[in-house]
Amino acid sequence: MDFLTLFLIYLCLVLAVTALLCLCSARRESFLTRSVHRASQVLSLVIPTQLQRVTHQALHRLFHTRSCLFVVLHVALQAAVFGEYTWEVVVYCWELQFHILLLLLPYLLLAGNLGCFLLCSRANPGRILLVLFENRKKCYKAHFLVVFLVSFTGVVTKSNAASLVKVYAYDGVLFQRGLMCPTCNLEKPARSKHCSVCRRCVHRFDHHCVWVNNCIGGANAGAFLLYLLSLAATAGAVAAVTAALLARLGLCTPHGIHLPVLTYFSLSLQHLFMTFPRIVFMLGFVILLTLVLGGYCSFTLYLALTNQTTNEWCKARRFGGSPPLPSQPPGRALVYKNIYSKGIWRNLKEVFNPPAVLERKKK
(Lines of atoms letter the chains of each structure in order from A and count residues from 1; the text may use other names and numbers.)
(Lines give C-alpha, C1' and ligand atoms only; values in the text may rest on other atoms or scores of the structure.)
Protein backbone atom coordinates (compact mmCIF):
# COMPACT_ATOMS: atom_id res chain seq x y z
CA MET A 1 0.00 0.00 0.00
CA ASP A 2 1.53 3.30 -1.06
CA PHE A 3 2.03 6.39 1.04
CA LEU A 4 -0.84 8.40 -0.48
CA THR A 5 -3.40 5.67 0.29
CA LEU A 6 -2.27 5.45 3.92
CA PHE A 7 -2.44 9.22 4.27
CA LEU A 8 -5.97 9.40 2.82
CA ILE A 9 -7.15 6.57 5.09
CA TYR A 10 -5.72 8.38 8.11
CA LEU A 11 -7.35 11.67 7.08
CA CYS A 12 -10.75 10.03 6.50
CA LEU A 13 -10.52 8.26 9.85
CA VAL A 14 -9.78 11.49 11.72
CA LEU A 15 -12.64 13.33 10.00
CA ALA A 16 -15.06 10.44 10.61
CA VAL A 17 -14.24 10.30 14.32
CA THR A 18 -14.63 14.08 14.61
CA ALA A 19 -18.01 14.00 12.85
CA LEU A 20 -19.14 11.09 15.03
CA LEU A 21 -18.24 12.95 18.20
CA CYS A 22 -20.09 16.06 17.03
CA LEU A 23 -23.22 14.07 16.16
CA CYS A 24 -23.26 12.00 19.35
CA SER A 25 -22.61 14.97 21.63
CA ALA A 26 -25.95 16.54 20.62
CA ARG A 27 -27.97 13.44 21.50
CA ARG A 28 -29.17 12.55 24.92
CA GLU A 29 -28.34 8.98 26.05
CA SER A 30 -26.53 8.32 22.78
CA PHE A 31 -24.56 5.19 21.95
CA LEU A 32 -21.32 7.02 22.70
CA THR A 33 -22.56 8.11 26.13
CA ARG A 34 -23.71 4.60 27.03
CA SER A 35 -20.42 3.13 25.82
CA VAL A 36 -18.36 5.56 27.90
CA HIS A 37 -20.54 4.88 30.94
CA ARG A 38 -20.15 1.11 30.59
CA ALA A 39 -16.42 1.42 30.03
CA SER A 40 -16.09 3.52 33.18
CA GLN A 41 -17.99 0.88 35.13
CA VAL A 42 -15.62 -1.83 33.91
CA LEU A 43 -12.54 0.25 34.65
CA SER A 44 -13.81 1.03 38.16
CA LEU A 45 -13.40 -2.66 38.98
CA VAL A 46 -9.73 -2.61 37.99
CA ILE A 47 -8.51 0.86 39.00
CA PRO A 48 -7.84 1.33 42.75
CA THR A 49 -10.32 3.41 44.72
CA GLN A 50 -7.72 5.97 45.77
CA LEU A 51 -6.69 6.57 42.16
CA GLN A 52 -10.36 6.91 41.16
CA ARG A 53 -10.89 9.52 43.87
CA VAL A 54 -7.82 11.50 42.82
CA THR A 55 -8.87 11.35 39.15
CA HIS A 56 -12.41 12.45 39.97
CA GLN A 57 -11.13 15.39 42.03
CA ALA A 58 -8.73 16.40 39.26
CA LEU A 59 -11.46 16.25 36.59
CA HIS A 60 -13.87 18.16 38.82
CA ARG A 61 -11.27 20.86 39.47
CA LEU A 62 -10.43 21.00 35.77
CA PHE A 63 -13.95 21.21 34.29
CA HIS A 64 -16.18 22.40 37.15
CA THR A 65 -14.08 25.16 38.71
CA ARG A 66 -12.51 28.24 37.21
CA SER A 67 -9.00 27.37 36.10
CA CYS A 68 -6.40 29.03 33.90
CA LEU A 69 -5.10 25.69 32.60
CA PHE A 70 -7.04 25.83 29.33
CA VAL A 71 -6.09 29.48 28.86
CA VAL A 72 -2.42 28.52 29.23
CA LEU A 73 -2.94 25.63 26.80
CA HIS A 74 -4.69 28.00 24.38
CA VAL A 75 -1.75 30.43 24.47
CA ALA A 76 0.80 27.61 24.24
CA LEU A 77 -0.82 26.16 21.11
CA GLN A 78 -0.93 29.56 19.44
CA ALA A 79 2.71 30.18 20.39
CA ALA A 80 3.76 26.79 19.00
CA VAL A 81 1.91 27.28 15.71
CA PHE A 82 3.13 30.84 15.16
CA GLY A 83 6.64 29.90 16.27
CA GLU A 84 6.82 27.26 13.55
CA TYR A 85 5.12 29.61 11.09
CA THR A 86 7.58 32.42 11.82
CA TRP A 87 10.84 30.48 11.93
CA GLU A 88 10.27 28.18 8.96
CA VAL A 89 7.23 29.03 6.83
CA VAL A 90 7.86 32.78 6.63
CA VAL A 91 11.55 32.24 5.90
CA TYR A 92 10.89 29.87 3.02
CA CYS A 93 8.07 32.06 1.68
CA TRP A 94 10.33 35.10 1.78
CA GLU A 95 12.97 33.24 -0.24
CA LEU A 96 10.31 32.23 -2.77
CA GLN A 97 9.17 35.89 -3.00
CA PHE A 98 5.68 35.55 -1.55
CA HIS A 99 3.79 38.83 -1.19
CA ILE A 100 4.47 40.57 2.11
CA LEU A 101 0.79 41.23 2.82
CA LEU A 102 0.03 37.52 2.46
CA LEU A 103 2.70 36.72 5.05
CA LEU A 104 1.49 39.42 7.45
CA LEU A 105 -2.21 38.47 7.22
CA PRO A 106 -2.04 35.74 9.94
CA TYR A 107 -0.34 38.18 12.33
CA LEU A 108 -3.01 40.82 11.78
CA LEU A 109 -5.76 38.26 12.38
CA LEU A 110 -3.89 37.06 15.49
CA ALA A 111 -3.82 40.59 16.90
CA GLY A 112 -7.57 40.93 16.41
CA ASN A 113 -8.14 37.49 17.93
CA LEU A 114 -6.12 38.37 21.03
CA GLY A 115 -8.16 41.54 21.46
CA CYS A 116 -11.42 39.60 21.27
CA PHE A 117 -9.96 36.99 23.63
CA LEU A 118 -9.24 39.65 26.24
CA LEU A 119 -12.74 41.06 25.86
CA CYS A 120 -14.29 37.60 26.37
CA SER A 121 -12.11 36.60 29.31
CA ARG A 122 -12.15 39.93 31.16
CA ALA A 123 -15.61 41.26 30.30
CA ASN A 124 -18.54 40.80 32.64
CA PRO A 125 -20.96 38.38 30.92
CA GLY A 126 -23.95 39.94 32.71
CA ARG A 127 -23.89 38.58 36.21
CA ILE A 128 -26.86 39.18 38.47
CA LEU A 129 -25.54 40.56 41.74
CA LEU A 130 -27.06 41.34 45.10
CA VAL A 131 -26.49 44.94 46.08
CA LEU A 132 -28.71 46.27 48.81
CA PHE A 133 -29.09 49.81 50.10
CA GLU A 134 -31.09 50.06 53.28
CA ASN A 135 -31.30 53.83 53.26
CA ARG A 136 -31.28 55.30 49.74
CA LYS A 137 -31.55 58.87 50.97
CA LYS A 138 -28.18 58.60 52.66
CA CYS A 139 -26.65 56.44 49.91
CA TYR A 140 -27.93 58.35 46.88
CA LYS A 141 -24.44 58.84 45.42
CA ALA A 142 -23.54 55.16 45.82
CA HIS A 143 -26.84 54.10 44.27
CA PHE A 144 -26.27 56.41 41.31
CA LEU A 145 -22.77 54.97 40.86
CA VAL A 146 -24.11 51.41 40.82
CA VAL A 147 -26.78 52.25 38.21
CA PHE A 148 -24.12 54.05 36.14
CA LEU A 149 -21.87 50.97 36.19
CA VAL A 150 -24.78 48.67 35.37
CA SER A 151 -25.47 50.62 32.18
CA PHE A 152 -21.94 49.92 30.94
CA THR A 153 -21.09 46.45 32.25
CA GLY A 154 -24.46 44.71 32.10
CA VAL A 155 -24.47 43.90 35.82
CA VAL A 156 -27.92 44.07 37.39
CA THR A 157 -28.74 44.50 41.02
CA LYS A 158 -31.65 43.66 43.21
CA SER A 159 -32.68 47.30 43.13
CA ASN A 160 -33.47 47.03 39.40
CA ALA A 161 -34.63 43.40 39.32
CA ALA A 162 -38.12 44.51 38.33
CA SER A 163 -36.70 46.29 35.29
CA LEU A 164 -34.58 43.28 34.37
CA VAL A 165 -37.70 41.15 33.97
CA LYS A 166 -38.84 43.53 31.23
CA VAL A 167 -35.78 42.86 29.06
CA TYR A 168 -37.01 39.43 27.91
CA ALA A 169 -40.45 37.91 28.17
CA TYR A 170 -41.06 34.48 29.71
CA ASP A 171 -41.99 31.96 27.02
CA GLY A 172 -43.74 29.68 29.53
CA VAL A 173 -41.87 26.62 28.26
CA LEU A 174 -38.14 26.96 28.80
CA PHE A 175 -38.44 29.90 31.19
CA GLN A 176 -41.14 30.13 33.83
CA ARG A 177 -42.07 33.23 35.79
CA GLY A 178 -41.52 33.11 39.54
CA LEU A 179 -38.70 30.55 39.66
CA MET A 180 -36.00 31.33 42.23
CA CYS A 181 -32.31 30.53 42.09
CA PRO A 182 -31.68 28.62 45.35
CA THR A 183 -28.00 29.60 45.38
CA CYS A 184 -28.22 33.32 44.64
CA ASN A 185 -31.69 33.74 46.23
CA LEU A 186 -32.87 35.74 43.22
CA GLU A 187 -35.86 35.44 40.94
CA LYS A 188 -34.50 34.06 37.70
CA PRO A 189 -35.12 36.42 34.75
CA ALA A 190 -35.97 34.95 31.39
CA ARG A 191 -32.99 33.54 29.47
CA SER A 192 -30.79 33.52 32.60
CA LYS A 193 -29.10 30.56 34.26
CA HIS A 194 -26.95 29.90 37.28
CA CYS A 195 -23.38 28.93 36.34
CA SER A 196 -22.03 26.33 38.73
CA VAL A 197 -18.45 27.14 37.70
CA CYS A 198 -18.60 30.90 38.23
CA ARG A 199 -21.21 30.50 41.03
CA ARG A 200 -23.27 33.39 39.68
CA CYS A 201 -26.52 33.86 37.78
CA VAL A 202 -25.74 35.09 34.27
CA HIS A 203 -28.16 37.14 32.19
CA ARG A 204 -28.84 35.63 28.73
CA PHE A 205 -26.62 32.68 29.63
CA ASP A 206 -25.07 30.87 26.68
CA HIS A 207 -22.41 28.56 28.16
CA HIS A 208 -19.25 28.56 30.24
CA CYS A 209 -16.19 28.52 27.99
CA VAL A 210 -13.10 26.95 29.55
CA TRP A 211 -10.87 28.37 26.81
CA VAL A 212 -11.55 31.95 27.89
CA ASN A 213 -12.17 30.99 31.55
CA ASN A 214 -15.41 32.96 31.65
CA CYS A 215 -19.13 32.65 31.06
CA ILE A 216 -20.60 33.74 27.74
CA GLY A 217 -23.66 35.89 28.39
CA GLY A 218 -25.53 38.87 27.09
CA ALA A 219 -22.68 41.32 27.68
CA ASN A 220 -19.90 39.43 25.86
CA ALA A 221 -21.76 37.27 23.30
CA GLY A 222 -20.77 39.60 20.45
CA ALA A 223 -17.12 39.57 21.49
CA PHE A 224 -17.22 35.76 21.69
CA LEU A 225 -18.62 35.52 18.16
CA LEU A 226 -15.85 37.79 16.88
CA TYR A 227 -13.33 35.73 18.84
CA LEU A 228 -14.46 32.53 17.14
CA LEU A 229 -14.54 34.10 13.67
CA SER A 230 -11.09 35.65 14.07
CA LEU A 231 -9.65 32.40 15.47
CA ALA A 232 -11.03 30.37 12.55
CA ALA A 233 -9.79 33.02 10.09
CA THR A 234 -6.32 32.97 11.71
CA ALA A 235 -6.09 29.18 11.45
CA GLY A 236 -7.35 29.31 7.87
CA ALA A 237 -4.81 31.97 6.90
CA VAL A 238 -1.92 30.00 8.41
CA ALA A 239 -3.15 26.84 6.66
CA ALA A 240 -3.50 28.63 3.31
CA VAL A 241 -0.01 30.16 3.40
CA THR A 242 1.58 26.90 4.55
CA ALA A 243 -0.28 24.87 1.92
CA ALA A 244 0.82 27.35 -0.78
CA LEU A 245 4.42 26.99 0.38
CA LEU A 246 4.32 23.19 0.34
CA ALA A 247 2.64 23.21 -3.06
CA ARG A 248 5.41 25.42 -4.40
CA LEU A 249 8.09 23.23 -2.86
CA GLY A 250 6.39 20.06 -4.10
CA LEU A 251 6.32 21.39 -7.67
CA CYS A 252 10.04 22.05 -7.46
CA THR A 253 10.87 18.38 -6.83
CA PRO A 254 12.09 16.32 -9.81
CA HIS A 255 9.76 13.38 -9.13
CA GLY A 256 7.14 14.45 -11.64
CA ILE A 257 9.11 13.70 -14.77
CA HIS A 258 7.20 11.19 -16.98
CA LEU A 259 5.05 9.96 -14.06
CA PRO A 260 1.26 9.64 -13.68
CA VAL A 261 -0.49 12.37 -11.71
CA LEU A 262 -1.33 10.26 -8.64
CA THR A 263 2.15 8.79 -8.49
CA TYR A 264 3.70 12.22 -8.82
CA PHE A 265 1.44 13.60 -6.11
CA SER A 266 2.19 10.66 -3.79
CA LEU A 267 5.95 10.97 -4.26
CA SER A 268 5.81 14.75 -3.79
CA LEU A 269 3.80 14.39 -0.58
CA GLN A 270 6.19 11.74 0.70
CA HIS A 271 9.13 13.98 -0.15
CA LEU A 272 7.56 16.87 1.78
CA PHE A 273 6.94 14.60 4.80
CA MET A 274 10.57 13.52 4.80
CA THR A 275 12.04 16.98 4.17
CA PHE A 276 9.70 19.29 6.15
CA PRO A 277 8.06 17.08 8.84
CA ARG A 278 7.30 19.87 11.32
CA ILE A 279 5.67 22.06 8.68
CA VAL A 280 3.56 19.18 7.38
CA PHE A 281 2.37 18.14 10.83
CA MET A 282 1.61 21.76 11.70
CA LEU A 283 -0.41 22.05 8.48
CA GLY A 284 -2.40 18.92 9.34
CA PHE A 285 -3.15 20.23 12.83
CA VAL A 286 -4.15 23.68 11.55
CA ILE A 287 -6.39 22.21 8.83
CA LEU A 288 -8.19 20.03 11.38
CA LEU A 289 -8.50 23.03 13.69
CA THR A 290 -9.90 25.13 10.86
CA LEU A 291 -12.55 22.51 10.09
CA VAL A 292 -13.60 22.17 13.73
CA LEU A 293 -13.65 25.93 14.31
CA GLY A 294 -15.48 26.48 11.03
CA GLY A 295 -18.24 24.11 12.11
CA TYR A 296 -18.50 25.67 15.55
CA CYS A 297 -18.49 29.18 14.04
CA SER A 298 -21.35 28.17 11.73
CA PHE A 299 -23.32 26.85 14.70
CA THR A 300 -22.66 29.99 16.77
CA LEU A 301 -23.55 32.23 13.84
CA TYR A 302 -26.79 30.27 13.37
CA LEU A 303 -27.64 30.85 17.03
CA ALA A 304 -26.92 34.57 16.65
CA LEU A 305 -29.03 34.89 13.51
CA THR A 306 -31.97 33.12 15.18
CA ASN A 307 -31.49 34.86 18.56
CA GLN A 308 -30.86 31.69 20.52
CA THR A 309 -28.28 30.66 23.08
CA THR A 310 -26.54 27.33 23.42
CA ASN A 311 -28.42 26.76 26.66
CA GLU A 312 -31.77 27.39 24.96
CA TRP A 313 -30.87 25.25 21.94
CA CYS A 314 -29.96 22.29 24.15
CA LYS A 315 -33.08 22.74 26.29
CA ALA A 316 -35.29 22.92 23.20
CA ARG A 317 -33.83 19.67 21.84
CA ARG A 318 -34.35 17.91 25.15
CA PHE A 319 -37.79 19.35 25.77
CA GLY A 320 -39.64 16.55 24.00
CA GLY A 321 -38.37 13.97 26.47
CA SER A 322 -38.49 16.09 29.60
CA PRO A 323 -41.08 15.56 32.33
CA PRO A 324 -44.15 17.85 32.47
CA LEU A 325 -43.64 21.20 34.12
CA PRO A 326 -45.41 22.02 37.40
CA SER A 327 -47.39 24.83 35.77
CA GLN A 328 -48.43 22.67 32.80
CA PRO A 329 -52.18 21.99 32.66
CA PRO A 330 -53.07 18.27 32.73
CA GLY A 331 -53.62 16.76 29.32
CA ARG A 332 -52.24 19.79 27.46
CA ALA A 333 -48.98 19.43 25.55
CA LEU A 334 -46.63 22.41 25.43
CA VAL A 335 -45.03 23.30 22.13
CA TYR A 336 -41.77 25.24 22.19
CA LYS A 337 -41.48 28.25 19.91
CA ASN A 338 -38.64 30.75 19.81
CA ILE A 339 -40.30 34.03 20.73
CA TYR A 340 -37.06 36.00 20.89
CA SER A 341 -36.22 36.01 17.18
CA LYS A 342 -36.93 39.39 15.55
CA GLY A 343 -35.33 38.92 12.15
CA ILE A 344 -31.75 38.46 11.07
CA TRP A 345 -30.51 42.04 11.32
CA ARG A 346 -32.28 42.83 14.60
CA ASN A 347 -30.99 39.58 16.07
CA LEU A 348 -27.41 40.47 15.15
CA LYS A 349 -27.88 43.96 16.52
CA GLU A 350 -29.08 42.49 19.80
CA VAL A 351 -26.00 40.25 20.02
CA PHE A 352 -23.56 43.14 19.58
CA ASN A 353 -25.71 45.72 21.38
CA PRO A 354 -27.69 43.83 24.05
CA PRO A 355 -30.83 45.51 25.41
CA ALA A 356 -30.80 46.88 28.93
CA VAL A 357 -33.83 48.16 30.82
CA LEU A 358 -32.66 49.91 33.94
CA GLU A 359 -34.52 51.35 36.83
CA ARG A 360 -34.33 55.10 36.84
CA LYS A 361 -34.13 57.16 39.95
CA LYS A 362 -37.49 58.58 40.88
CA LYS A 363 -37.38 62.14 41.99
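We count from 1, first residue shown onward.
Each residue, glycine too, has its Cβ placed from N, Cα and C.
Small disclaimer: the values here were computed from a predicted structure and weren't measured.
Copied over from TrEMBL:
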| type | residues | note |
| --- | --- | --- |
| TRANSMEM | 6-26 | transmembrane segment |
| TRANSMEM | 68-87 | transmembrane segment |
| TRANSMEM | 99-120 | transmembrane segment |
| TRANSMEM | 140-157 | transmembrane segment |
| DOMAIN | 178-316 | domain 'Palmitoyltransferase DHHC' |
| TRANSMEM | 224-245 | transmembrane segment |
| TRANSMEM | 257-273 | transmembrane segment |
| TRANSMEM | 279-305 | transmembrane segment |
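For the domain 'Palmitoyltransferase DHHC' (178-316), the number of residues in each DSSP class (helix H, G, I; strand E, B; coil) is 85 helix, 16 strand, 38 coil. Within the model, the domain 'Palmitoyltransferase DHHC' (178-316) carries an average pLDDT of 84.
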